[in-house]
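Peer 1: Below is a structure I'd like to ask you about.
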Amino acid sequence: MANRKVAFLAFLAVSFLCGLASATYKVGVGRADITGPPVEINFMGYANIKQVGRGIHTRVFARAFVVEDEKGNRVAFVSADAGMMGYGLKREVIKRLQARYGNLYHNDNVAISGTHTHGAPGGFLMHLLYDISILGFVPQTFEVMAQGLYLCIKRATDNLVDGRILLSKTTVLNVNINRSPSSYLRNPAEERAQYEHDTDKTLTQLRFVDLENNLLGAFNWYAVHATSMNNTNRLVTSDNVGYAALLLEKEYNPNKMPGKGKFVGAFCSSNLGDVSPNIMGPKCSISGNECDLLTSRCPTGEGDCFASGPGKDMFESTQILGQRLADAALGLLNEQSQESTAREVTGDVRFIHQFVDMPNYNGSTYNPMSRKVDKVRGCQPAMGYSFAAGTTDGPGAFSFEQGTTTDNPMWNFVRDFIAAPTQEDIKCHEPKPILLATGRATFPYEWQPKIVSDQLLKIGDVIIAAVPCEFTTMAGRRLRNQIRAAASAVGGIDTEVIIAGLTNIYTSYTVTPEEYQAQRYEAASTIFGPHTHSIYMDVFERLTKAMMRNETVDAGPSPPYMNDVMLSLNTGVLFDGHPINTDFGYVKSQPNKEYGINETVKVTYISGNPRNNLFTEKTYFTIERKINEDRWKVAYTDASWETKMVWHRTNTILGFSEMDIYWDISPQTLPGEYRIRHSGEYKYILGGKYPYEGLTHSFTVKED
């Protein structure tokens with residue numbers, strides 16, 4: 001730890017003494033808890049109606065940086081441990097920011113990106129297709145996320161100091177693979193030959209320091225799905241990238257609990273559309289044989305096609321990959337000065353944003369592969385058959401296969417009962433056979449967005465492209481090249497372009513036109529048709545040129561306001577009860593008197609429903625170590641990787657429930673005397689919520 005800090009300070013000192021070009025910004029970082037209701041609410045990501053929350057493994061956080069140049073131009077970027085971002089949520093965050101700061105923050109200069117964890121509560125997106133597996137809108141999820149997103153930007157604003165920004169990059173192998181390699185091979189051979197891998201292996205880091213060279217934060221972009229935790233997981237988790245962030249923050253916030261401390265470290269999503277963390281590849285779950293490359297199907301009797309990570313289970317896989325990402329980021333932060341790849345970011349701050357009506361978009365774009373100008377048009381949103389097949393990270397239902405380019409009369413009948421596509425829609429989406437004509441569905445409200453948010457943030461010679469979906473590897477590479485070329489042509493500067501995925505509003509996937517022809521899951525989920533990527537190339541080129549010229553653009557049509565039409569089948573907590581001769585907080589199962597390293601402590605409490613109080617910025621339990629006769633110190637919380645909180649009903653009619661708390665004692669655990677404290681609230685049958693607390697007897701952790 002000490003050596004790393006010395007190395008980092010040495011690099012900055014040498015950089016300063018050597019007279020490297022320097023630019024002073026105001027920089028600030030902030031973090032806030034956005035953990036939604038951890039039980040009885042479906043998770044967002046796998047669209048699996050059985051994936052209902054039962055507790056917490058790690059809390060989820062939103063992390064922000066704010067940058068202002070010498071002229072007062074300011075941008076805010078947020079990376080949230082969430083499946084993606086919804087525009088209704090961003091609009092609410094802007095509303096709260098403007099209530100405090102006036103027009104300092106607005107839609108154009110704030111970007112909010114999701115890490116794409118598939119293990120956090122859903123119900124915040126406001127479009128029916130994305131909330132249907134959650135059983136509709138969940139106000140409690142929406143509120144805690146809105147407040148947390150606002151709060152992390154507020155904290156970054158409050159923490160603004162004069163400072164500097166450094167950019168560095170490194171290659172990280174053994175973290176991701178392409179889950180649709182047959183689609184990737186559809187891209188031109190001469191284009192593929194420019195790249196060593198079929199996924200991006202580069203981790204790009206922005207490092208924020210003050211003028212005394214104190215490290216404030218580090219934001220890292222890397223292309224990988226946060227799906228190390230599979231669709232059998234029932235505990236809230238920030239997954240691989242979230243664990244990497246916890247490790248990075250632990251390194252620079254010593255003796256602080258997870259989610260606490262001044263240093264903020266984030267791992268943000270990029271062009272991860274076809275990128276899986278399950279690096280051992282897909283296998284048939286029963287036979288262990290290879291899946292079919294094109295369809296990701298297994299022969300009858302050999303099971304489902306699942307990809308797996310490098311660990312013995314999903315928890316260990318998450319830990320292994322998170323550690324690899326954290327090590328890469330730490331390596332950049334701690335490079336010796338003479339070996340450093342870091343360079344200082346210089347230049348002004350700019351931003352530009354435009355809403356685009358995708359189904360009604362008509363334009364043209366230059367195709368560098370064919371060396372021709374292509375006419376492009378958008379389609380009404382629609383999902384293809386292969387969407388229902390799922391992916392090797394989480395297979396779908398029924399008999400759907402990836403790569404399907406023909407339709408089925410039975411499924412067409414079901415589709416048309418919901419909303420029938422027009423012949424123009426069918427023609428527009430070819431070769432995608434339409435399974436859900438979401439653009440034609442209006443009951444009870446809009447199923448998928450038609451208006452998207454396209455945004456660029458320029459910080460010196462770094463451009464962050466905020467895209468409203470999941471770009472595949474090659475789709476992202478082309479967009480980066482297009483923006484870089486446009487910035488060079490108009491502004492005369494060489495820029496580093498970062499793709500920030502799943503930002504501001506969610507519209508599923510974007511593949512290249514060539515990949516679209518394969519109609520695997522990602523292509524079937526490219527909702528605006530075969531020209532979707534070409535439209536984005538056109539729009540972002542135009543926005544880049546306008547931004548570099550300091551020109552304004554038309555704001556475009558705003559997405560519809562839908563807060564007042566949200567429906568939900570989720571019920572609230574009716575009441576809590578407890579068995580006779582017990583009370584809330586009663587320790588039903590006490591810990592053993594003694595434990596050793598690598599053993600697991602389990603205790604059980606009579607509890608209320610965790611939805612009664614989310615304990616935002618707090619914790620449902622603490623594991624405390626005895627310091628002396630009068631003092632106990634918190635060693636772990638519900639945000640710690642080493643702990644798990646599992647809640648379950650024991651009597652639905654009487655409202656009985658129990659809380660299990662697990663603590664895996666790691667080799668880093670200090671020996672000594674410990675106890676576990678659980679805090680909660682119960683809902684009285686006649687109304688009102690009341691706090692309770694339970695405390696175990698003490699127990700000993702032996703020296704190894």
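Cβ atoms here come from the backbone N, Cα and C positions, even for glycine.
Owing to the predicted nature of the structure, the values given are computational and were not obtained by experimental measurement.
Annotations for this protein, taken from TrEMBL, read as follows:
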- 1-23: signal peptide (SIGNAL)
- 25-537: domain 'Neutral/alkaline non-lysosomal ceramidase N-terminal' (DOMAIN)
- H116, H225, E470, Y509: Zn(2+) binding site (BINDING)
- S276: active site, nucleophile (ACT_SITE)
- 540-701: domain 'Neutral/alkaline non-lysosomal ceramidase C-terminal' (DOMAIN)
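I'm curious about the neighbourhood of these features; can you describe it?
Peer 2: Every protein chain considered, the tally of other Cβ atoms within 10 Å of the Cβ of Y509 (Zn(2+) binding site) stands at 23.
Around the Cβ of S276 (active site, nucleophile), the number of neighbouring Cβ atoms within 10 Å comes to 23.
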Peer 1: Near the Cβ of E470 (Zn(2+) binding site), how many other Cβ atoms are there if near means within 10 Å?
Peer 2: 30
Peer 1: Given the recorded Zn(2+) site (H116, H225, E470, Y509), which additional residues of the same chain have their Cβ within 8 Å of the Cβ centre, ordered by sequence?
Peer 2: S269, L272, G273, V275, C469, G501, L502
Peer 1: C-alpha of H225 (Zn(2+) binding site) to C-alpha of S276 (active site, nucleophile): distance in Å?
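Peer 2: Rounded to the nearest whole number, the Cα-Cα distance is 5 Å.
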Peer 1: Using the alpha carbons only, what distance in Å do you get between E470 (Zn(2+) binding site) and S276 (active site, nucleophile) once rounded?
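Peer 2: Cα to Cα, E470 (Zn(2+) binding site) and S276 (active site, nucleophile) are separated by 12 Å.
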Peer 1: Could you measure between Y509 (Zn(2+) binding site) and S276 (active site, nucleophile) for me? Cα positions, answer in whole angstrom.
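Peer 2: Y509 (Zn(2+) binding site) to S276 (active site, nucleophile), Cα-Cα distance: 14 Å.
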